[in-house]
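Okay, these came from Swiss-Prot:
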type: COMPBIAS; residues: 1394-1411; note: compositional bias 'Acidic residues'
type: DISULFID; residues: 333-361; note: disulfide bond
type: DISULFID; residues: 407-413; note: disulfide bond
type: DISULFID; residues: 517-545; note: disulfide bond
type: DISULFID; residues: 521-542; note: disulfide bond
type: REGION; residues: 1383-1417; note: region 'Disordered'
type: SIGNAL; residues: 1-24; note: signal peptide
type: TRANSMEM; residues: 1204-1224; note: transmembrane segment
């Protein structure tokens, strides 16, 4: 131990030692850091070298790639061979052809041996310029010989010649690098192709460009200022010439048969630096490839000498994910801001100044954006097939999924040989059947893919065309060079330009944007145009706008220009004004059915027109204008049809007004626009299954049904179904919502489940199985009636009553199509349709309905409705809606969205009238009133004929309403541009819980995203569909839930999976909320006079608190008023506006009653079935002598009025002590609750703030007592239960002992246990035992766990006697006992033997005893 005096010396030594260690440690760390920094610098140098080399390697992969060169050469030879063998022997060698092209580089072939006509085909020696001229010749002669029979052949030839021209251009730098091994010289040689020195000496076809555009702008200004010209946009395009609809040849080709004009177009585009676009077209792969090469040449020093900027090949860029492609582009274009995937590219791009971005980067931005969109569109379209992909999957998994689906294995196979590909049999199969697809040859084999393209592509249907493009896409995404080369001839990469026309603007408006761009350029600068498309030249936006204008407007010999042809085709041929209307009907991966495919220059025209027709193109660069243009895609297209917040009364009356004023011939025009077989498809879209009369027998006529013997008369089926929904709603706040729906009694055990940590997920999507058991039970009880049983079971069904046969057919159809059946309803108002009803009764009913509705709503006005079941044939319905939707898009100048919907409804009414062959003309006919309008010999028909009779009978009255409801759901969804975003929103992890929430309607996400409940009632369904879900007392919630299920099916048809699940899961919760809301709203508005009276009183008191004088003297107290003058000093108390101390004592009385009513209303928190039913559980063994109480529905019952009293007590308590809070609730009553939009958001606010405060108040008041009651109840129940079990188990043993003691006391102590039981063998004991188990039993207490419900005792026998026959009755004389068998019986095995009976009871979906009556079998 260190002494006190030595302590300072010891501390000094310790300090010096630590100091030395610290210094050494610092030195060591410094040395380590130096070493690390050296290593880091070394690694950075290595990485720098790698990055430097990587730039060069990326360029080499484009112009020094042996594999790419090899594949391009192979495809070139395949194309040359196919041109030689092509059935279309063109172009012919005519007089003057040799002056156009160098014949020495072409092969000449005779068409036939006997014919002197010769056609020419290119060779390997043909250059790029030779193929350009060859393409001109083909187009010239194709226009001359065109007819519909050779249309596909022309398209195919034009595609492969354009592909050959692209290959020739791609091979130029590849061949150069192969010869010279110099990257820059290879790029320069490519550049030489577009450097045309001879063009400088030639005169331009439009003369001086500056003068031309000056005159153009003057002409435009004159037209705009001329008030006499009505359609200025059309005049700008067509001029003074009124062009009528032209021949198909003029539509299909951009130019007429004039090679000189084609060359002029090439020269114009070259002069403005657009040569690449002109020769390649908007092919996403080819144009991107050469744009990257152009960028490499322009920035060669930065990319490959200074190496300060990263460089990537186009093929490598496409290999990245959709978000990373933009990161790479930013790195290549040396942008300061790099894109991150957390935000949309549009938002991040527009935040940074991009005004100095080169045109090449702008075009690459456009190409990447629409390649991503193309990729998503292809993947989205797979949802129509049997396998699903999603856009965020890794590329490897997309490939694996695709081949797993096509080949049943992730390994590659030739998809054309698979059974999956052959399902769409629109082609002749020349290959033998194979059990296993060929995996030795790659799926991306150039020869096979090109062979199938040339041989069969034109005959492919939608799915096969999709598979071909998806195969190529998987190769591109996984950096397969063969797929990169194969993409050059696929039409989908040209058609992608169509996706960019999304705005709902007229074509002439888009053209005005191009004119504005030219005006801006002309006023800002007078720039001399370049004379070629030199890749080193900087192309400006002005070059692009002017070049695009000249390309689209050039013409010769008064032949219409491309722009004029396209405009006439839209406005007069198709009779539409918007390009987007045309594009929406075209598929991006489609085959030769697209008319644009006759001439690829149509795609070039659309591409150049698209780049220069964005709204902000005059002020922004191309990419900025593009992103600003698609900004509108994020906004909701709000119309009367799609806007779910639109006031429903206004919407209803507007809809009826439009229907009433639709021209009579508009329906006829719609029929003419449809295909010939569409009307038959409309008839097949729905199949009615459950007949109205069948449901009415169990509902409206339930009192006429004979009750089963010993049981009460059954309640109406719609009442039972409605009660079930309300019961689910009442159980949901306690956490018992849909938990184990098969057994409603399971909620008694849920507290024990929580303690045992056993989780049972709610089965929310199987709620209809419970309803199925209720419906089947009701039908079974009907068939158990004595007279029905005698007719149906014990007599020949040949002479059976039509009504009984209809009942049996309806339930059979329902059972067989249970998963697809939907139930709709209509109002059942007999007096309205019966001519014998006196007029005064009709007037009386109308007045009563008005009085019932005017101060609230029409909730529960009718008890019963007309309920029927049907199923939707989704495939046929989808085809019908697609056709009608395309008709609408093509004819927006004729139809608005509302008028088109009502025209379709009138068309459905016409179809409905074709079913009315059996209906009587008089309205009073019972057949018409109760829909028994089936054939008189209905019961004698066979099953198929009876099903047709049911369908025709129901369709004669309800086809139009039912079909139109399904159609409007699909049409309004397709019309809205918000559904895509909404589906994505509900796919997010934070919103998935909203779909499964039992109170989703009170969550902000549910309301903010559009409240699917309001979407169903006010957007997806027509106005008449709201009647049954409001006015029916029995069945309204059941019907509304079926509306949700129909919406789920419709969303699923449109591949909105998340919205489909949302509707499916909310079919019960939201439907219940709507019904309860309507009932509360109905009664709440009845208190308008009372609420107004108290509001006036409150205003007067507020005036008194602030000024000291009442605004209305009548509300002042008599003691404070003298001679009609108020005493100001007695009232003035401004702080009372927030809290009134004087009324606190009075309010406490109401607080007590509020507390008391909470005990009753909140009992479910601890007692799932309520406190009363919980007490009854103790007496379940006692048979009740009374019938069950009538099931409750969403109406004015005991609980409702108790809640009303609770609300009054709450108001009298808190409104009195705080006027500020009272005014807040008054605002809600008068304003918020009367506007649906405000009411939904207020509900969310009320849940998170006001209700939260109420819940906290309850936690310290009523909830404490309820919890205490629960604990006391469980304690008493457990004590009594244990006592009963112990007594029940001891009772049989006591009886045995008593019996033996009474019969033979002398031998009682000598008897063994089985002797006692043998003595008691003729007795049996039965007791109630719920299989409780006693823990920690001692040896003397083990008998407590020995239990049996029914224990018969068998006399002991010898083991040898077990095999004796029953006739050996004297064997008991044997005295020798070898081994005795046990006299105890294994009751569990006995129960297993009787499992056939017990299993039926265990597995049956027995419904609640408050609702159901046991079946009789």
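Backbone N, Cα and C atoms are what each Cβ position is placed from, and that goes for glycine too.
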Would you list, in sequence order, the disulfide-bonded residues among 333, 361, 407, 413 whose CA lies within 10 Å of the CA of residue 517 (disulfide bond)?
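Near residue 517 (disulfide bond), where near means Cα within 10 Å, there are no disulfide-bonded residues at all.
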So how many other Cβ atoms are close to residue 361 (disulfide bond), meaning within 10 Å of its Cβ?
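Taking all protein chains shown, residue 361 (disulfide bond) has 22 Cβ neighbours within 10 Å.
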What else in the chain is close to the transmembrane segment (1204-1224), if you only count residues 6 or more beyond its ends and a Cβ gap under 8 Å?
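For the transmembrane segment (1204-1224), the list is 1083, 1094, 1098, 1101-1102, 1105, 1136-1140, 1143-1144, 1146-1148, 1150-1151, 1153-1154, 1157-1158, 1161, 1254.
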Measuring CB to CB from residue 333 (disulfide bond), give everything in the same chain under 8 Å that is also at least six residues away in sequence.
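Non-local contacts for residue 333 (disulfide bond): 357, 358, 361, 364.
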For the C-alpha pair, I'd like the distance in angstrom between residue 407 (disulfide bond) and residue 521 (disulfide bond), rounded off.
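On Cα coordinates alone, these residues lie 56 Å apart.
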Got a sec? Which of these disulfide-bonded residues, 413, 517, 521, 542, 545, has the most Cβ atoms within 10 Å?
545
Ten-angstrom check, please: count other Cβ atoms within 10 Å of the Cβ of residue 407 (disulfide bond), all chains counted.
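Cβ-Cβ neighbours of residue 407 (disulfide bond) within 10 Å number 23.
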Can you grab the distance from residue 413 (disulfide bond) over to residue 545 (disulfide bond)? Cα atoms, rounded to a whole Å.
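Pair distance, Cα basis, whole Å: 47 Å.
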Could you tell me the C-alpha distance between residue 521 (disulfide bond) and residue 545 (disulfide bond) in angstrom, no decimals?
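Rounded to the nearest whole number, the Cα-Cα distance is 9 Å.
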In which DSSP state, out of helix, strand and coil, do we find residue 545 (disulfide bond)?
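Assignment for residue 545 (disulfide bond) reads helix.
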